[in-house]
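Student: My structure is below; once you've seen it, I'll send some questions.
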Amino acid sequence: MLGLLTITSVFRNWRNSLQRKEDYDECHMRGINNENEISGKSEKNFKLDEPPISLETVMAEFKLSNETLRRMMAHMSRNMDKGLEGGPENSTISMLPSFVPELPNGTEEGRFIAMDLGGTNLRVMLMDIKPGEELKTEQFNTRIPNWAMRGTGEQLFDYITKCLAEFLIEKGIENDGLPVGFTFSYPCDQKSLRSATLLRWTKGFETTGVVGEDVVELLEQSIARRGDIKVEVVALINDTVGTMVAAAHESGGECHIGVIIATGTNASYMEDTSKIKYGLSKAIAAYNYPEMIIDTEWGGFGDRSEADYILTQYDKIVDSRSEHPGVNTFDKLVGGKCMGEVVRVVLEKLTRARVLFNGKGSDALFQQDSFPTKYISEILRDESGSYVHTRDILGELGIDHYSFSDMLLLREVCVVVSRRSANLGAAAIACVLNRVRKQNMVVGIDGSTYKYHPFFDFWVHDKLKELVDPGLKFKLLQTADGSGKGAALITAIVARLKKRNLKQQQQQQQQQQQHVTMVEQNVVEQIAETKGSREQFMNGNQKINLVTNDIPIYDSFNGDIENGVIHLSTDH
């Protein structure tokens, strides 16, 4: 296909250069200086001063060598180290603590509530977990209304609590005091498993009075205002952490990285506690576990221009027109939120250069955000020679003047842009795998872009094999509903750890009691033996010292106690 496209592109470049020369000559013949009047064509169709562009030049910009990808991996790894040391002030990869100390081990059981606020949707779920069985789930879905997304924090959390209460009341469990796990998929500075301060809103939220506040406290205050439900919020997690935990549950307890590739991208992995300087410096309670899941927040990589060498001119155009220019750079490169718009900008450039559609675009094609990312998946699903979806999409864009080679070129643009995203995502995953460095590593992946793009998973796996260090083995596990299942499973892990810690405390108390009893018996025996042999002592002021730790004072012997030492007198 690429050979045909190359031939087609060369022919078009030659033909279009002749056409541009004819138009230019016509312009001078008529004495017209206004480009918009050339041959009756509007400015949106082409400009004489456009730099040369072809499919080859586009592909050259989006093609990243493994050398470039490894350079990016090295920069990411250094930023991860800086994030562990100093957090978001020190690095564009924040490396935020989750305070989740373990993965599920298969013994979790109980009934739990999970809430998932991600994007513009809210889900409330009731999950029954039993060892060795599939999770049983009942759920309620709703869309967050625009007034809540752009209103006050009190309005937003009151709406969330309203949905929770209605679900619990419908199930008749509003007074059962069930534990709640809350998946809150926005960057938070976490201070414990149930305390997290929102750093910034993403995904279209502009709710006031939440940034800088403790999200769990806001939810609990809203629950208290209602007063008609009884629950306990025990964990607040990120969707990436939930994906990692859900993947571990599916794979029998093993998952080394959790990855989201949806509208944006993020990852989590298990890190040694000794390396988590920033996260533990703000902890509100002692953390007594050897490991912790880290929420990398790698979507911000590049926000300080440290990754400019992987940006194309099209990425820069899309970023400059975005809602938050210069923010979440890696999100925009890998996730689906901007992928369609990048393709559209490329198509617009090719059209204006008369490489595509004979230079005749449409108002829709030249309108920002008119080419959603789902178009890419639909175009690439077309079977060879059919192009049913491609024709439908061109119709939706108001383009009816296209050739077979136009459809081939459109498809190839979708390939080069989305494959670049897959390669960057693979490089980021490989960076973490090379840091974790364990055998037979499991990567749990969730997200709409990864799931619904027909080739994305294959491209990620293919590139990973080239970038992961030799000798390291890995497996990709596509995980369904990590944000929902993960929240319930983490709540179950908390319950399991609570039981385990209580049991350990009881065992320690029993061991201490047994030790005390043994010491007491030894002292009593020594006292009895000493009293029975007092006549053997010739010197009335001789004393026997028995070291007694943690034993009560006895009144049944003759002697003194000083600094924990019993002095038994031999006086008659």
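The backbone N, Cα and C atoms fix where each Cβ goes, and this holds for glycine too.
Pulled these features from Swiss-Prot for this protein:
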- ASP116, LEU117, GLY118, GLY119, THR120, SER185, ASP239, THR263, ASP446, GLY447, SER448, SER483: D-glucose 6-phosphate binding site (BINDING)
- 116-121, THR263, 336-337, 373-377, 448-452: ATP binding site (BINDING)
- SER185, TYR186, THR202, LYS203, ASN238, ASP239, ASN266, GLU297, ASP331: substrate binding site (BINDING)
- 49-492: domain 'Hexokinase' (DOMAIN)
- 105-237: region 'Hexokinase small subdomain' (REGION)
- 238-481: region 'Hexokinase large subdomain' (REGION)
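Describe the structural context of these features.
Tutor: When secondary structure is read from DSSP and collapsed to three states, SER448 (D-glucose 6-phosphate binding site) falls in the helix class.
Taking Cβ-Cβ distances under 8 Å and a sequence gap of 6 or more within the same chain, the neighbours of THR373 (ATP binding site) are GLY336, LYS337, MET339, GLY340, THR449.
Around the Cβ of ASP239 (D-glucose 6-phosphate binding site), the same chain contributes ASP116, GLY118, THR183, SER185, ILE260, ASN266, ASP446, GLY482, SER483, GLY486, each under 8 angstroms and 6 or more positions distant in sequence. Secondary structure at ASP239 (D-glucose 6-phosphate binding site), taken from DSSP and collapsed to helix, strand or coil, is helix.
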Student: If I take every residue in the domain 'Hexokinase' (49-492) and average their pLDDT values, what number comes out?
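Tutor: Computed over the domain 'Hexokinase' (49-492), the mean pLDDT is 95 on the 0 to 100 scale.
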Student: Could you check which of these binding-site residues, THR120, THR202, ASN238, ASP331, SER448, sit within 10 Å of THR263 (ATP binding site), going Cα to Cα?
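Tutor: Checking Cα-Cα distances against THR263 (ATP binding site), the binding-site residues within 10 Å turn out to be ASP331, SER448.
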Student: Quick check: of the binding-site residues listed here (GLY119, THR120, ILE376, SER448, TYR452), which one has the Cα closest to that of THR202 (substrate binding site)?
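Tutor: For THR202 (substrate binding site), the closest Cα among GLY119, THR120, ILE376, SER448, TYR452 is found at GLY119.
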Student: Given a 10 Å Cβ-Cβ cut-off, pick out the one of the binding-site residues ASN238, SER448, THR449 that has the most other Cβ atoms nearby.
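Tutor: Per the Cβ count within 10 Å, the most buried is ASN238.
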Student: Using Cβ-Cβ distances, find the residues under 8 Å from THR120 (D-glucose 6-phosphate binding site) that belong to the same chain and are at least 6 apart in sequence, listing them in sequence order.
Tutor: ARG143, ILE144, MET149, LYS203, GLY204
Student: Can you tell which of the binding-site residues ASN238, ASP331, SER448 lies nearest to ILE376 (ATP binding site) in space, using Cα positions?
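Tutor: Nearest listed residue in space: SER448.
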Student: Give me the non-local Cβ neighbours of GLY119 (ATP binding site): same chain, 6+ apart in sequence, Cβ-Cβ under 8 Å, ordered along the sequence.
Tutor: SER185, LYS203, GLY204, THR263
